[in-house]
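Notes follow once the structure below has been shown.
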Amino acid sequence: MFLSIMAGVIAFVLTVIAIPRFIKFYQLKKIGGQQMHEDVKQHLAKAGTPTMGGTVFLIVALLVSLIFSIILSKENSGNLGATFGILSVVLIYGIIGFLDDFLKIFKQINEGLTPKQKMSLQLIAGLIFYFVHVLPSGTSAINIFGFYLEVGYLYAFFVLFWVVGFSNAVNLTDGIDGLASISVVISLITYGIIAYNQTQFDILLIIVIMIGALLGFFVFNHKPAKVFMGDVGSLALGAMLAAISIALRQEWTLLFIGFVYVFETSSVMLQVAYFKYTKKKTGVGKRIFRMTPFHHHLELGGVSGKGNKWSEWKVDAFLWAIGIFMSAITLAILYL
């Protein structure tokens, strides 16, 4: 445990040192920054804020994880197979996000990768994770509240759905200052507790390291944000959470621990479906939420959508509290 804490502190310090240099480089090169939703007017002032900050905390987390995982394995208390499985997912999804951000920022291609291109790359990455790290482990049953449902090779489709789905869910959640970074920290702390109780110290190590790196990033990402993580960070973090839940054989827990991401994604899907349905029935499309993902709905009028506008800090606090509450419920189900 001491080794994990030390590694987490190192990741925090390195990220805090590296991010200002990344921001300075970004500004010196006059690289185009983040584009904002015009519908949320309080965000317009953020236009041009450096993005792709996830590149920094991912590089730090991956390097520190690699070094300390090797140290841990030499002490005969670590499993490099599980560690490399999770880290490979983080790396590959980070590369996909980096490519998407690069096209948006450096090539001035507004949408970056097309949805078809991004989904294809994510599916390929998910398949690599399954065939290289999941299939050799012999895992073919889904844990549903402690009951294992044997699905055989259909587990491959579940892995794809889980990893791709949550990578995009965290990506959707990353819409206001600090929301995604601390939401993921809350999720990782919860999985850290689960890993500790399972004596999976190899997984605990990389969890603590990513927590340290994310907290270092949050120093510059809280409101008013000096840098955003970009798709490079959010896609990698979502995939990491999915991979951890699979590695710990606690797949179902991510529906609770990741409730905020699930709800954010569901709000978008419901909004689109309801708009299309009402337009087909009445000729006029109607909306359930003021704007999606859900955090924008809160910004524009609170929970009801009809109240006063919420500040980003208030939205953050509300959704972080939900994340903590759902994580506590998960731990209660597991251990009480």
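Just so it is clear, glycine is given a Cβ too, placed from its N, Cα and C backbone atoms.
Swiss-Prot annotations:
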type     : residues : note
TRANSMEM : 3-23     : transmembrane segment
TRANSMEM : 52-72    : transmembrane segment
TRANSMEM : 79-99    : transmembrane segment
TRANSMEM : 123-143  : transmembrane segment
TRANSMEM : 144-164  : transmembrane segment
TRANSMEM : 175-195  : transmembrane segment
TRANSMEM : 201-221  : transmembrane segment
TRANSMEM : 227-247  : transmembrane segment
TRANSMEM : 255-275  : transmembrane segment
TRANSMEM : 315-335  : transmembrane segment
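Within its own chain, the transmembrane segment (3-23) is flanked in space by residues 50, 53, 55-57, 60-61, 64-65, 68, 71-72, 201, 204-205, 208-213, 215-217, 219-220, 226-227, which lie at least six positions past its ends and keep a Cβ under 8 Å from the stretch.
Contact between the transmembrane segment (227-247) and the transmembrane segment (315-335) is not supported, since fewer than 3 Cβ pairs fall under 8 Å when only residues 6 or more apart in sequence are counted. The list of residues near the transmembrane segment (201-221) in space but at least 6 beyond its ends in sequence, with Cβ under 8 angstroms from a Cβ of it, reads 1, 3-5, 7-16, 19-20, 23, 53-54, 56-58, 60-61, 64-65, 68-69, 72-73, 77-80, 82-83, 86-87, 177-178, 181-182, 184-185, 188-189, 191-192, 195, 227-229, 233, 237, 240, 244, 247-248. Beyond its flanks by at least six residues, the transmembrane segment (79-99) meets 52, 54-55, 58, 61-62, 65-66, 69-70, 73, 112-113, 118, 121-122, 125, 128-129, 132-134, 136-137, 163, 167, 171, 200, 202-203, 205-206, 230-240, 242-244, 247 of its own chain at Cβ-Cβ distances under 8 Å.
Using a cut-off of 8 Å between Cβ atoms, the transmembrane segment (175-195) and the transmembrane segment (255-275) share at least three residue pairs, counting only pairs 6 or more apart in sequence.
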